[in-house]
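Novice: Before we start, here is the structure in question, set down as structure tokens.
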Amino acid sequence: MFSDIKAGDTTPTHNHSSVRDWIVGDACTIHYTVMEQQHNAQESPTKPSEYDPDINQDELIKAQEKQIAEEIKANTAMIGSLDDLSTLEQEYSNDPVYSGKVKTLLPKYCNVRRTRPDGNCFLRGFIFAYLEYCIHHRDELARFKKYLEGSKEELFEMGFPKFTTEDFHDMFMEVVSDLEGSGSVDRVEAVCNDGGTSDYLVVYLRLLISSHLQKNAEFFSFFIEGGRTVEEFCKQEVEPMYRECDHLHIVALTAAVGVGVRVMYLDRGEGAAVASHDFPEDSTPVIHLLYRPGHYDILYNKA
Amino acid sequence: MTVVMSKHSGTASARLRADYMRIKRDPVPYVTAEPLPSNILEWHYVVEGPEESPYEGGYYHGKLVFPMEYPFRPPSIYMITPSGRFKTNTRLCLSISDFHPDTWNPAWSVATILTGLLSFMLEKSPTFGSIETTDYEKRQLSQQSLSFNLKDKVFTELFPEITEAIQNKLAQREQELAERAKALENGNPSERDASTNDSRKQNPDAAQMSALTNLLVVVGFAVFAWTVRYIVSTLSEEEG
């Protein structure tokens, strides 16, 4: 569940260009994460070394996960402050591969904003970066508002529960309307760091992704591993909170909302440069995100 | 921070209040639910055993305990009244409960949870917190559930209407017993016959069932005898 912080550098490299390759890579990430979690659970000091049938093992794992989640919550803001990109360089001062790659980012990017690694990092990063972009591009904010208005009926048509879907939708509409009036980056920061509000926005994006995947199920079914249907995939990997976003999620979200995203992949992959990928392909990105295995942060380009 | 939006404050209690309004307007069949007046994060529910199930006539009291992060994390689900289906006062492991936070969907509501609980109760599939009993045991527990719940103070306070319905049912049951006892004293042979069997007295359904079974056996035997006679006669005709 908190794979953001656990998936280490053993994740496969991302030097692929087709969607299918991305998916293969991500399935490994998921698998690795699960193994890692089990491994961690075994090492837990609260867990006896021998199997004890009287103790509910699930409970122990759950308690540990909760503890990790609490620690992350206490130590990391959902959307962090605007940091200089050199802070990233410092982070990897002892790591020649990473620091070499970060250096190649410096000519293009100037700042980084870190997000909370709770499995919602991509979505929170997307929401913040996009709303911030909208503050400076009012016509885009108007377009987005119109899209949001229409999206509710689409979700109802796809069979999402009316009462709760409406609740998440209304919250998003209120945030957008509020930004139309007194929009400022500070305001966006406050909204995105307010627990209730931020989580509501995240859920609504999850519903939009799920709806887009299910509407185009025939196409997306080719990219889903493990013999699951698109609907099952959505129930297990998209709609629940704290589930990490993979390439399918990003493909679906950027296509549904019509917003271009560039992801820079910082990992141990071959080559000195940082691989990048634009979603949807051939789009002009308005949001730049930094991917490190299992986690997304927001990047600011110099232009 | 003045981020709080007009009608959506984005907290668990705001959402639970909305869930409550919703459930009052659009009730879940067979289920009544009420939050504690002192704590909206703890809800109590009563499932009325649906017709044609082993729970028919029973009242099953339980509770939902919501986390502060609701609806982003699921509640714990407990059953308090013995049902023969679930352990009592134990967190139940359902896809809609906090045993499975990774399959919980924030778009689900209290209504979804209660509907899911009811359908799981009517199934037989095992899970953590479930127990296995025969239908007969379940029917006995459904009879006993009435007086069991009346002893629970939270139950009687939160569900006065159901409490009254139960009291009426129990009074009726008592009256029937008294009448039967009276008839017995008067030496009514048919009543005496019915009350000789203890289990029949406790469970009129079971008595009906066994009478029906007896009848079926007699009819079945008659049909069998008739068939044998028919075959024998046909055979002898052919031979002749």
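The backbone N, Cα and C atoms fix where each Cβ goes, and this holds for glycine too.
Reproduced below are the annotations present in TrEMBL:
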DOMAIN    A:110-302  domain 'OTU'
ACT_SITE  A:ASP118  active site
ACT_SITE  A:CYS121  active site, nucleophile
SITE      A:TYR265  site 'Interacts with free ubiquitin'
SITE      A:ASP267  site 'Interacts with free ubiquitin'
SITE      A:TYR291  site 'Interacts with free ubiquitin'
ACT_SITE  A:HIS295  active site
SITE      A:TYR296  site 'Interacts with free ubiquitin'
Novice: If you count CB neighbours within 10 Å, which one among the recorded positions A:ASP118, A:ASP267 has the smallest count?
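Specialist: Among the recorded positions A:ASP118, A:ASP267, the sparsest Cβ neighbourhood within 10 Å belongs to A:ASP267.
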Novice: Mind giving me a neighbour count for A:TYR265 (site 'Interacts with free ubiquitin')? Other Cβ atoms within 10 Å of its Cβ, every protein chain shown.
Specialist: 19
Novice: Take the C-alpha atoms of A:TYR265 (site 'Interacts with free ubiquitin') and A:TYR296 (site 'Interacts with free ubiquitin') and report the distance between them in angstrom, rounded.
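Specialist: Between the alpha carbons of A:TYR265 (site 'Interacts with free ubiquitin') and A:TYR296 (site 'Interacts with free ubiquitin') there are 9 Å.
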Novice: In Å, rounded, how far does the Cα of A:ASP118 (active site) sit from the Cα of A:HIS295 (active site)?
Specialist: 9
Novice: In Å, rounded, how far does the Cα of A:TYR296 (site 'Interacts with free ubiquitin') sit from the Cα of the residue listed as 'active site, nucleophile'?
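Specialist: Cα of A:TYR296 (site 'Interacts with free ubiquitin') to Cα of the residue listed as 'active site, nucleophile' measures 6 Å after rounding.
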Novice: When a 10 Å sphere is centred on the Cβ of A:TYR296 (site 'Interacts with free ubiquitin'), how many other Cβ atoms does it contain?
Specialist: 26
Novice: By CA distance, which of the recorded positions (A:CYS121, A:TYR291, A:HIS295) lies nearest to A:ASP267 (site 'Interacts with free ubiquitin')?
Specialist: A:TYR291
Novice: Can you count the other CB atoms that lie within 10 A of the CB of A:TYR291 (site 'Interacts with free ubiquitin')?
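Specialist: Taking every protein chain into account, the count is 23.
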Novice: Under a three-state reduction of DSSP output, how is A:CYS121 (active site, nucleophile) classified: helix, strand, or coil?
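Specialist: Helix, per DSSP.
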Novice: Measuring Cα to Cα, tell me the gap between A:TYR291 (site 'Interacts with free ubiquitin') and the residue listed as 'active site, nucleophile' in whole angstrom.
Specialist: 10
Novice: Can you tell me the mean pLDDT for the domain 'OTU' (A:110-302)?
Specialist: 94
Novice: Give me the CA-CA distance between the residue listed as 'active site, nucleophile' and A:HIS295 (active site), in Å, as a whole number.
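Specialist: Here the two Cα atoms lie 7 Å apart.
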Novice: What does DSSP say about A:ASP267 (site 'Interacts with free ubiquitin'): helix, strand or coil?
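Specialist: A:ASP267 (site 'Interacts with free ubiquitin') sits in coil per DSSP, no helix or strand.
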